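Undergrad: Can you read through this structure? Questions will come right after.
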Amino acid sequence: MLQIALILLVALTFSVVTTPLARRTALRTGVVAIPRVRDLHLAPVPLLGGTAIYGGFVVALLLFGDQRHIRELVAILLGATLISLFGLVDDRWGLRASIKLLGQLLAGGILILGGTQIWLFEQAWLNWAITLFWVVGITNALNLLDNMDGLSGGVATIAAAFFLLLAAMNEPRQVLVGAMAAALMGGCIGFLRYNLNPATIFMGDTGSLFIGFILAALGIKLRFLANTPVVTWMVPLAVLGLPILDTSLVFVSRLRRGRNPFTTPGKDHLSHRFVALGMSKREAVLTCYLIAGACGLVGIYLTQARMHEAYLVAGGLVAAGVAAIIWLERVVPGGERVSSA
């Protein structure tokens, strides 16, 4: 417990101290987010906040991480570093979507080589394929979610908190999962000091790709020996239910409008729909936090439930998500309020 507390404290302190430095560096080098039509900020905002989250995570784990898991940890840190570098280049100069995808696949490949992969099938290539799909999917889900002050960092903090709790509840306790979750929590909490509305700095792709990658790795590493692999995989899907819901909503909405879901930006995310329904930006973000917390509680319940109960609850969560997408598409399609006239 002391180890976990130290990791969280070091990551938080590092992030709190270095985020202002990252802000000044971004302003000096011109790495700023210029307002576009789809953006909610009205003035240029410095990027590079993700470097503080990344730095806090790495420093905390290098100082207090468990050396028994060094091979897996090194692979995760290498993959995270690679994906953060791709994000940094994208923040500064911009990258094509195909190049960013290549970086994510390479980072996922490093995870697999380090022993962090999904084990569901007898065929190795199927396990590799689904591992890469999961890594790319969750990484991009957090990247897409980064569309409002404090949203992506806050949701990542909540998800990491549940991963930490699940790691502590499991027997034997999963030290690596707990340590990584604590480091991510600390880094994000320190950054949120400057990113909550009104934000003075954004995490940029450097941060959103990084936290998505780490959350994907946490989902893979989390294990429940008493349950079947299918039930085990319901848990991280539930914990990450909010970003999965947001990405699903965006994909469905853009495909219905005949637009490319990968390259078409817009105010069609869950948070944008909440604002269109009359919420303030802060209320929209808080609502997303509450949904993320509810999803995390479902994840905890799944670990304690009998198998048939787990399937029933997981099915109910999926049904609720589908119903939410259908309702939002009818009431606020593409983020625009439908007139009652």
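The first residue you see is number 1, and the count goes up from there.
From the backbone N, Cα and C atoms, a Cβ is placed for every residue, glycine too.
Take a look at what TrEMBL says about it:
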TRANSMEM  42-64  transmembrane segment
TRANSMEM  73-89  transmembrane segment
TRANSMEM  101-121  transmembrane segment
TRANSMEM  128-145  transmembrane segment
BINDING   Asn143, Asp205  Mg(2+) binding site
TRANSMEM  151-168  transmembrane segment
TRANSMEM  175-194  transmembrane segment
TRANSMEM  200-218  transmembrane segment
TRANSMEM  230-252  transmembrane segment
TRANSMEM  284-303  transmembrane segment
TRANSMEM  310-328  transmembrane segment
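Tell me about the setting of these features in this model.
TA: Panel annotation: around the transmembrane segment (73-89), residues 48, 50-51, 54, 57-58, 61, 65-66, 95, 99-100, 103-104, 106-108, 110-111, 113-116, 139, 176, 180, 204-210, 213-214, 217 of the same chain, lying at least six beyond its termini, place a Cβ under 8 Å from a Cβ of the stretch.
Residue environment of Asn143 (Mg(2+) binding site) contains 26 other Cβ atoms, counted within 10 Å of its Cβ in all protein chains.
A Cβ distance under 8 Å defines the sequence-distant neighbours of the transmembrane segment (151-168), meaning residues of its chain 6+ beyond its ends; these are 4, 53, 142-143, 145, 174-175, 177-178, 180-182, 184-185, 188-189, 191-192, 195-196, 203, 207-208, 211, 215, 218-219, 222, 235-236, 239-240, 242-243, 271, 285, 288-289, 292-293, 296, 299-300, 303.
Residues of the same chain lying 6 or more positions beyond the ends of the transmembrane segment (175-194) and with a Cβ under 8 Å from any Cβ of it are 3-5, 7-17, 19-20, 23, 49, 52-57, 60-61, 64-66, 68-69, 72-73, 76, 150, 153-154, 156-157, 160-161, 163-164, 166-168, 200-201, 203, 207, 211, 214-215, 217-218, 221-222.
With a cut-off of 8 Å between Cβ atoms, the residues of this chain six or more beyond the transmembrane segment (200-218) that come close are 19, 22-23, 26, 31, 33, 45-51, 53-54, 57, 76, 79-80, 83-84, 86-88, 90-91, 100, 104, 107, 111, 116, 134-135, 137-143, 145-146, 152-153, 156, 159-160, 163, 177, 180-181, 184, 188, 191, 194, 236, 240, 243.
Panel annotation: around the transmembrane segment (230-252), residues 118, 120, 137-138, 140-142, 144-145, 155, 159, 162-163, 166, 212, 215, 218-220, 222-224, 261, 268-271, 273, 288, 291-292, 295-296, 298-299, 302-303, 307, 310-311, 314, 317, 321, 324-325, 328-329 of the same chain, lying at least six beyond its termini, place a Cβ under 8 Å from a Cβ of the stretch.
Counting same-chain residues at least six beyond the ends of the transmembrane segment (310-328), those with a Cβ under 8 angstroms from any Cβ of the stretch are 227, 231, 234, 237-238, 241, 244-245, 248-249, 252, 270, 273, 295, 298, 301-302.
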Undergrad: If you draw a 10 Å sphere on the Cβ of Asp205 (Mg(2+) binding site), how many other Cβ atoms land inside?
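TA: Around Asp205 (Mg(2+) binding site), other Cβ atoms within 10 Å: 25.
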